[in-house]
Amino acid sequence: MSRKNIVILGSTGSIGQNTLQVIEAFPERFNVLGLAAAKNTELLLEQARKFRPKYCCLMFEESFRGYEAQFKETGCELLWGKEGYKTLASMNEADIVVSSMVGAAGLIPTISAVEAGKTVALANKESLVIGGELVMSIAKRTGAQIFPVDSEHSAVFQCLNGEDKAKIHNIILTASGGPFWDRSLEEMENARVEDALNHPNWSMGAKITVDSATMMNKGLEVIEARWLFDVDVEKIKVLIHRQSIVHSMVEFKDGAIMAQLGSPDMRIPIAYALSWPERLALEVKRVSFTDIARLTFEQPDFERFPLLRLGYEAAKRGGSYSVALNAANELAVEAYLARRIRFGAIQKVVSGVLEKIEQRDCKSLDEILYWDSLARLYAEDMIGRTES
Ligand SMILES: NC(=O)c1ccc[n+]([C@@H]2O[C@H](COP(=O)([O-])OP(=O)(O)OC[C@H]3O[C@@H](n4cnc5c(N)ncnc54)[C@H](OP(=O)(O)O)[C@@H]3O)[C@@H](O)[C@H]2O)c1
């Protein structure tokens with residue numbers, strides 16, 4: 001069996017590091033061809049020493065300064081910037097591109113990979129939130145396969161198992177509810193960054209962890225599911241499931257429901273995206289139903305988590321509304337993590353920006369980038385006026 005050449009865009013992040021763990025466990029199946037990060041030069045170098053990729057890429061050329069000789073010693077060629085990311089995403093030798101950057105910055109490299117007809121293991125949900133229509137239409141034209149890495153979407157993909165979408169009655173995305181699941185709006189208003197970053201079940205990057213605390217993450221996932229599975233938004237439901245054992249479900253027309261269960265461990269969906277249609281013998285914690293004893297499900301509270309409601313609204317409207325929702329949320333979360341604004345201000349910034357945005361289609365990359373920049377300007381202005 002020939003080894004698959006893997007490129008990881010965002011290798012120093014939570015998904016990137018989990019992907020390298022999977023690759024390390026199956027050296028006979030996978031070879032690391034390229035690794036890319038934004039600015040974490042030390043960790044990228046450590047990864048280059050261990051995995052000996054042919055290429056390493058950093059977003060900023062100056063991040064390599066003083067490290068060139070050490071990278072050269074590992075035998076890799078250095079790339080940088082947006083062009084570097086695009087080159088890595090589309091290179092001939094790559095079999096699978098793992099798109100695991102965070103934020104809207106993932107859109108252009110993801111498009112490059114899809115345009116080149118690559119198999120894409122997609123963690124970067126923001127690229128579908130802002131460019132779902134474009135990305136999926138390019139994939140249709142080039143034949144690029146997109147395998148979801150997000151655990152909920154991987155679960156839906158596994159439940160569907162190739163069944164026709166006409167058979168779907170509902171897709172049920174489960175949500176842990178995050179760390180503030182039982183808090184009142186007043187209690188959440190001044191929630192500390194340390195508490196927002198303390199997710200009960202998953203260990204993830206900072207941005208998605210805060211998105212889980214506001215439940216924006218589930219809103220973004222509704223939009224992601226709408227594009228990945230090409231279903232009406234009305235058919236995508238969200239259920240709070242505190243234990244994070246049922247990763248999502250599909251209810252079919254005949255009333256049968258398929259669910260995918262497992263430990264909350266991102267290596268499981270990552271490995272499936274890399275090895276489909278095979279399953280790898282992963283060493284992960286096995287689910288013991290008798291230890292868990294109870295699996296619970298309840299309706300989400302759209303009043304206490306208004307960003308979930310706005311996520312649904314964006315899934316229905318699409319276009320500039322979806323792009324602006326994502327851009328405003330990215331800046332608001334960044335400002336919250338930098339302790340510039342309160343937790344409660346995140347949703348105020350997002351809804352304030354959405355009130356100012358006209359509804360327009362976004363079919364081209366230029367249109368997406370235009371609305372993204374405009375929403376960022378509005379968000380920065382609003383954050384400046386909201387600062388605590
Ligand atoms: N973590 C999870 O369990 C999980 C689960 C489902 C979906 N996802 C999705 O997967 C994506 C990655 O999440 P994560 O938790 O792994 O994030 P993370 O830990 O913050 O890692 C982000 C990665 O992207 C790189 N990066 C950041 N900004 C960049 C930019 N402007 N251009 C290029 N690269 C950039 C970072 O490089 P530096 O380290 O150099 O900054 C890092 O390698 C997100 O879209 C998230 O929603 C994550």
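Including glycine, each Cβ sits where the backbone N, Cα and C put it.
Keep in mind it's a predicted model, so treat the numbers as computed, not measured.
The feature NADPH binding site is assigned by TrEMBL to THR12, GLY13, SER14, ILE15, ALA38, LYS39, ASN40, ASN124, GLU126, GLY205. Per TrEMBL, the feature 1-deoxy-D-xylulose 5-phosphate binding site maps to LYS125, SER151, GLU152, SER176, HIS199, SER212, ASN217, LYS218, GLU221. If you look up TrEMBL, you'll see ASP150, GLU152, GLU221 marked as Mn(2+) binding site. Annotated domain '1-deoxy-D-xylulose 5-phosphate reductoisomerase N-terminal' per TrEMBL: 6-132, in sequence order. TrEMBL lists 146-229 with the feature domain '1-deoxy-D-xylulose 5-phosphate reductoisomerase C-terminal'. The annotation domain 'DXP reductoisomerase C-terminal' is assigned in TrEMBL to 261-376.
Shown here: features listed in TrEMBL, placed on the structure.
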residue: THR12; record: NADPH binding site; contacts (Cβ under 8 Å, 6+ apart): ALA37, ALA38, ASN40, LEU43, LEU44, GLN47
residue: SER14; record: NADPH binding site; contacts (Cβ under 8 Å, 6+ apart): SER203, MET204, GLY205, ILE208, MET266
residue: LYS125; record: 1-deoxy-D-xylulose 5-phosphate binding site; contacts (Cβ under 8 Å, 6+ apart): ASP150, LEU220, GLU221, ILE223, GLU224
residue: GLU126; record: NADPH binding site; contacts (Cβ under 8 Å, 6+ apart): VAL102, GLY103, ALA104, GLY106, LEU107, LEU220, ASN326, GLU330
residue: GLU152; record: 1-deoxy-D-xylulose 5-phosphate binding site; contacts (Cβ under 8 Å, 6+ apart): LEU173, THR174, GLU221, ALA225, HIS247, SER248
residue: HIS199; record: 1-deoxy-D-xylulose 5-phosphate binding site; contacts (Cβ under 8 Å, 6+ apart): SER176, GLY178, PRO179, THR209, SER212, ALA213
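Highlighted here are the binding-site residues (ASN40, LYS125, ASN217, GLU221) whose C-beta falls below 6 Å from ligand 1: ASN40, LYS125, in sequence order.
Shown for the domain 'DXP reductoisomerase C-terminal' (261-376): DSSP residue counts in helix, strand and coil, namely 70 helix, 2 strand, 44 coil. Here the Cβ of GLU221 (1-deoxy-D-xylulose 5-phosphate binding site) has 29 other Cβ atoms within 10 Å, regardless of which shown protein chain they belong to. Of all the Cβ atoms in the protein chains shown, 28 others lie within 10 Å of the Cβ of ASP150 (Mn(2+) binding site). Residue with the densest Cβ environment among the binding-site residues ASN40, ASN217: ASN217, by other Cβ atoms within 10 Å. The Cβ of ALA38 (NADPH binding site) has 19 neighbouring Cβ atoms from other residues within 10 Å, across all protein chains displayed.
Secondary structure at GLU221 (1-deoxy-D-xylulose 5-phosphate binding site), as computed by DSSP, is helix. The secondary structure of LYS125 (1-deoxy-D-xylulose 5-phosphate binding site), as reduced to three states from DSSP, is helical. Within the set THR12, GLY13, SER14, ILE15, ALA38, LYS39, ASN40, ASN124, GLU126, GLY205 that the record links to NADPH, no two Cα atoms are more than 21 Å apart, and one pair reaches that distance. Residues of the domain '1-deoxy-D-xylulose 5-phosphate reductoisomerase C-terminal' (146-229) grouped by DSSP class, helix first, strand second and coil last, total 45 helix, 11 strand, 28 coil.
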